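Structure first, commentary second.
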């Protein structure tokens, strides 16, 4: 007869339970269950929609050992764990470690039992290490609510041979051949919330040994313990919010790395260099600036003129005249009218002569007499429409005086209107208001200036109007299918103008039908004559 007896031990970690029974074949069998690996902590997974996706198992996974001994006593008997022909499985259930006193008012805590999720049943695996025995492993057990719990393991046996059956069945509710043998409980363990969970520990040596023999156990090589805040003056709230602090520290580290990678654009040392920037390559050959205290003259406000008239002197200083691409474009539009004084004689200078220096320039101390403010900076860019207005003004003033315009193309065929390298050397000239227009220029002619004008704005006679081209025979939908725009009431329908007597003036006979073709013509079709 089966006589169960639970003998707890005082071991620190292992919990042992024993059971003895006598079979029909008069065999004395001893069962011994030992919890080799106790659960220590777990994280509550909750009962929401994300409970199954974000679930942590009990750490470390519980491992229970089973030994079967045949003999008069457990110490004198023979170990028949591998020779005994039967199947065993262990079922795990969860219970509170501290008994809850019953109260008069029912609360959700007392009504809802602790919920264990995962795989609560395990079959026995025969392993050689750490010792030859049968082992039950629970690698996938989770608890839904936080608290202090313990696991209860129930051992069931499925007997295969009749001589190993019990003399008297212990439980009539179980199917024949399945018997409940014994149960064992683990030590209490804590289930933390997701905020307070300290993290998973490194896998134990027992878990690694079991996994090496083919059992499905998750192995963690590193410690995944949450780092606590160890700052001075911290309280319990800081320890509880360790996850938030770790996130903030990581954010601060990312900010520091980002600030270390950022580069600050250095400030310009020369303030004049910022104002003189343009799309030209003048920065590569920039000459030294002249004295800041010098008053801006009218020469600085205009780009260099074309070669024919020795009018402007674009060289306020010798180094700037020789620099390529110094001027970035027309500064101001050309004046509309220029008042000239015929009393001044201009001596022509040969083209290959030396260039006058800055001290010999007659514009060094001359004010701008044409109403332009001398307070404007010489490098102020002008708007783009000034070129067209200059071309229009030049047509009106060609009879008296033709001012050089920056929009006229140079005779060398260059399209850079803002570069001095496109023009030949320009001779020195007198101030503008005292220019004489008498034709004593040698080989210089005004026609050389007017000649490129038709290229800039060609005046072409309008082309004769071409006859209309017949694209196809299709007509617009409105000309063929004209619709009436007035509203329709009481079942009225649109009137077809092709069948109206007033539009076509054609009335077919009763045995004929007319229809409109695609080209707009009316065709007649003869109906078949049937006798009724």
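Quick reminder: no glycine exception, Cβ is built from N, Cα and C everywhere.
The range from 40-45, 46-51, 52-57 that Swiss-Prot describes as motif 'Nuclear localization signal' is residues 40-45. Among the ranges 174-202, 435-463, the stretch that Swiss-Prot annotates as region 'PEST' is 435-463.
Residue counts for the motif 'Nuclear localization signal' (40-45) by DSSP state, with H, G and I taken as helix and E and B as strand, are 0 helix, 3 strand, 3 coil.
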